[in-house]
Amino acid sequence: METESSNKSIFVIFFKSQTAVATLAISLLLSFSTMCTASIVPEILSDRYARISHSYDGPFCSDHHEEHLPKECQAGSDDAQAASAFGTLFLNILTLVFNSVVGSYSDVHGRKAPIVAGTLLSILSPLALVLMQIVPTMHPIWFYLSLSVTGIVNFISIMFAAISDVVPEDSRSSCFAIMMSGWYGGFVLAPSITLLMSHMAVSILSFILALLGLLVAAIYFPETISSTNIEAQAETAVSNEEDDRGWSLLKTMIEPIKKLSILNRNMTLRMLTIGSFFSSAVFSTDANLFLFYVESHFDVNEADLAQMFFVMGILGVVMQAFLLHPLTVCMGEKVLLTLTFLSGTLHNLLYGVSRNKEGIYVAVCLSQFTKLNFPLLSSVGSKGASKNEQGRLQGSLFSINAFSAAVGPLLMQAIYNCTKDTFGPGTMFVFAAGLYFLGTISIAFMPVKDPTNEETEVEDTTICDDLAQPLIDPANHEGENSIASNA
């Protein structure tokens, strides 16, 4: 009964906030935009590489059965997989360079402008996909470039910071998860659209949905930083610029590195960052190479992918929106975070050793529990920063993740190339499982309180004090419901 009431209070807190509702709407629209083309992007790009780079002139590559796939089509698939890894590298280099700076910018000038800019950039990749089907000679590199520039502004990190501005600290992980459930909502139905519509029609729909996401950000999303705070922060920034005059170029060059120093504030944030680094490296590999892997080696078609994404979406919504909060209440954030990392180790191992579709489906289902670590990592990290540093903290954490996400797919692609004909193509996922286990060790040994951080402000020394304890104390449960009702 207490857990049910607690869950209800979380939804009350979330849906009474215009900011939180706007982030959910943006997340849902952009998820549908991305996922309705998820199964056709590898097919379109592989076929285009086969024709441009390997002189293929036969039927569409995906029309062939795996056993009779022309060598030009297989080579095109390998080219597309490699290009995806390099595109991810470029995207994450941009995120590494810009994200902590953009996060700090949002602390000073407000959250809305970066979120609008990020959603604007998200329109470019579906537009490029439409143009590729209109112009038969258009090179796939334009699609990867349009996707990569979204790394300049990672709007998800800014939305996390915006939610941190308006919800109580103990509710952040659950509110982050509800927002992410909107993303997984796109997994449920969007991939099935490709079974009912042509590739061109689906690509146009993807563009329209991304455009709607931009309109929600521009019209409905409210500013979460008060005008008084923006003016005060801006005056401080101007004063700092005047003090640093003459060193502006050097300062600009080192600014991203300087912003990252917030992650070195205490041992808790250091261990959290290490765990997040390994998690992001593997997650990026799964996101960018998994579809190419299963389509090339398991004869997975659009119908299989639609079914797979439907199950992933249902589980993702249930896990993020309904189970994360009660699990956090029962276990505490640290224990739950450690279990999600163990799950990541196991589901990547299953990717590597599975020899049929059934094994892949089991691993995909387990991966949805793993993805609970995404809001948990951001929530734990947010407790290490003051209210005026939320953008910087989230931006810095995403920047470190971007670096690992850039390295991960390239490393796994190199392992794939070296082992696909010897140990098997799944070896890269076995290696990924080992990386996830290293992250698990880091999270397991993460201190709930850093006893050596005596000189830090009180706000910083108390971070993560409650990670080993449930977020809601049953003795104070009625008081929390009262707070939620007034939120």
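Note that Cβ sites are derived from N, Cα and C of the backbone, with glycine treated the same way.
The following features are taken from TrEMBL:
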DOMAIN    19-451  domain 'Major facilitator superfamily (MFS) profile'
TRANSMEM  82-102  transmembrane segment
TRANSMEM  114-135  transmembrane segment
TRANSMEM  141-163  transmembrane segment
TRANSMEM  175-194  transmembrane segment
TRANSMEM  200-221  transmembrane segment
TRANSMEM  269-293  transmembrane segment
TRANSMEM  305-323  transmembrane segment
TRANSMEM  397-416  transmembrane segment
TRANSMEM  428-448  transmembrane segment
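Among the listed stretches 141-163, 175-194, 269-293, 305-323, the one sharing the most Cβ pairs under 8 Å with the transmembrane segment (397-416) is 269-293. If you look at the transmembrane segment (200-221), the same-chain residues 6 or more away from its ends with a CB under 8 A from one of its CBs are 18-19, 22-23, 25-26, 29-30, 32-34, 36-37, 40, 112, 115-116, 118-120, 122-123, 126-127, 129-130, 133, 155, 193-194. Of the candidate ranges 82-102, 175-194, 269-293, 82-102 contributes the most Cβ pairs within a distance under 8 Å of the transmembrane segment (141-163). For the domain 'Major facilitator superfamily (MFS) profile' (19-451), the model's average pLDDT works out to 86.
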